[in-house]
Amino acid sequence: MPVASLLPFTVTPNRKSASPTSFRLTEKFILLLVFSAFITLCFGAIFFLPDSTKLLSGVFFRSSSVEAETRTGTVSDTSTGTGKDEKILLPEPFQEFESRVRKPVSVMMQFSWDNYKRYAWGSNELRPVSKQGHSSNLFGSLKGATIVDALDTLYIMEMYDEFEAATEWVERNLDFNMNAEISVFEVNIRFVGGLLSAYYLSGKEVFRRKAVELGEKLLPAFKTPTGIPWALLNLKSGIGRNWPWASGGSSILAEYGTLHLEFMHLSALSGRPVFAEKVMNIRKVLNRLDKPQGLYPNYLNPNSGQWGQHHVSVGGLGDSFYEYLLKAWLMSDKTDEEGKKLYYDALQAIEKNLIRKSSGGLTYIAEWKGGLLEHKMGHLTCFAGGMIALGADGAPDDKTGHQMELAAEITRTCHESYTRTSMKLGPEAFRFDGGVEAIATRQNEKYFILRPEVIETYMYMWRFTHDPKYRQWGWEAVQALEKYCRVEGGYSGVRDVYANTPNHDDVQQSFYLAETLKYLYLLFSDDDHLPFEHWVFNTEAHPLPVIKKQNPEIANQLK
């Protein structure tokens with residue numbers, strides 16, 4: 001059922017009426033009447049004439065004294081069709097002017113979307129330097145990743161005309177009946193997650209129908225001896241396989257462990273318990289296995305049901321498995337006690353075996369390879385600050401305060417990985433060895449591909465602490481993105497964040513619109529904008545509603 005009523009997007013004006021207390025028209029009363037009419041005319045113009053939001057902004061914020069005390073950012077506003085740069089004033093403190101600080105993020109989204117539509121409409125992603133479409137092998141011949149990934153961001157930012165254009169494309173062109181080998185994980189989090197979120201936000205039936213149709217197409221991936229799904233699946237033949245580079249033909253923890261949220265909602269919306277059964281079986285397989293030091297290795301053989309190489313990471317290959325344990329509990333309205341226990345037990349093992357503090361006082365999460373630590377932390381791992389903060393309130397044994405401190409320390413470390421680069425953007429991975437702290441030392445780890453994890457953590461930390469430094473850090477990221485990643489045709493990743501001038505990789509990732517810009521927007525929004533008690537974000541930042549205990553219709557589907 002649509003849950004758009006949960007969103008704080010509708011503003012009801014405060015209408016006041018007045019009646020005269022006297023019918024005698026004195027001079028004073030006539031002057032008062034004229035003055036009142038003038039005020040009414042002004043406010044009518046502000047609120048009802050075209051572009052009234054800019055006029056309102058000019059009336060209340062554009063005084064010379066305010067301008068002198070604000071910092072100015074330059075972003076291009078293509079929504080006006082002028083193509084000119086618009087100067088946007090950014091007053092401080094941030095918390096007093098949330099709507100004004102959100103504006104640059106909305107303009108960035110408009111610029112990203114307009115260029116995608118202009119140069120790559122229907123393609124999976126945009127090449128903003130060469131101004132053409134782009135598609136990786138993650139999606140096979142499936143099309144429209146950016147459109148589906150951006151649907152909820154468009155809706156949340158109230159870009160309704162763009163949302164309607166995207167909806168029309170989905171209805172007419174999104175087709176799953178093709179001979180295409182796709183990544184089950186990527187298609188689930190981007191396409192299924194994006195469609196589900198768009199349905200819950202807008203109530204449009206086309207999104208529910210497409211999400212269930214795609215979910216059914218993914219079910220053959222689970223046809224393995226253990227029920228652990230293949231990483232890759234041909235949508236037409238239903239034949240699956242794993243990545244050839246994965247240890248001994250293994251499935252990957254972060255891939256088969258990041259289906260739970262979406263599949264539980266697919267069962268709820270379709271009335272078919274098969275989706276929930278598939279992901280609950282994954283837990284059964286994991287529960288039967290011994291965990292080295294309580295840790296989950298990244299590789300599991302879907303045929304034998306045994307661990308592959310003992311490599312443990314809270315970053316790439318492992319990350320969202322832990323995230324989904326926690327969020328499965330939260331999304332169940334805290335009734336999934338098994339998910340809760342699995343999460344807190346895993347976090348305890350991570351803290352004991354992987355979390356370390358550098359000589360300079362930076363807390364980081366290392367990787368574990370066969371019992372030996374590699375003192376490296378990936379950009380992907382930086383989501384963990386937000387995850388730990390999100391779960392701190394439910395922590396056992398009065399560990400809430402400790403987990404919030406740990407979340408803050410990890411967030412600070414990830415911020416340091418940004419500030420220690422020339423571009424103030426974080427590298428793909430950074431190290432803590434040989435006297436180096438929070439710096440990438442290998443050339444193949446110095447790139448930045450518009451990833452969201454650090455900003456995601458800023459958003460969670462702001463929501464739980466309201467410490468203004470997290471908004472300040474978010475604004476620093478906005479400035480860096482504008483300065484180094486923005487090109488004429490959109491936003492591009494860069495190959496070396498330590499260089500003085502950017503060498504662009506010419507890809508505007510779909511997750512930049514789905515995650516990075518959405519988390520920035522929410523960072524500068526009120527807490528009741530997609531409140532955590534009603535919404536849980538999947539790992540692609542697609543909000544899914546909490547399945548309330550008092551909703552027997554949905555609850556029965558998930559038994």
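Each Cβ is built from the backbone N, Cα and C atoms, and glycine gets one as well.
Fair warning: this is a prediction, and the values are worked out from it, not measured in the lab.
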Open item on the list: Check for me: which candidate out of C414, C485 does TrEMBL give as the disulfide partner of C382?
Closed with: C414
TODO: Between T539 (Ca(2+) binding site) and E428 (active site, proton donor), find the distance joining the two CA atoms and give it rounded to the nearest Å.
DONE: 18
Task: For the active-site residues E186, E428, E453, the one whose C-beta sees the most other C-beta atoms within 10 angstroms - done: E453
Task: Pairwise CA distance, C414 (disulfide bond) versus E186 (active site, proton donor), rounded so that it is a whole Å - done: 25
Open item on the list: Long-range neighbours only, meaning 6 or more apart in sequence with Cβ under 8 Å: which ones does D319 (active site) have?
Closed with: A254, S313, L380, T381, F383, A384, T539
- [ ] Starting from the Cβ of C382 (disulfide bond), draw a 10 Å sphere and report how many other Cβ atoms land inside it.
- [x] 31
Task: Neighbour count (Cβ, 10 Å) for T539 (Ca(2+) binding site) - done: 25
- [ ] Run through the Cβ atoms and count how many others sit within 10 Å of the one on C414 (disulfide bond).
- [x] 28
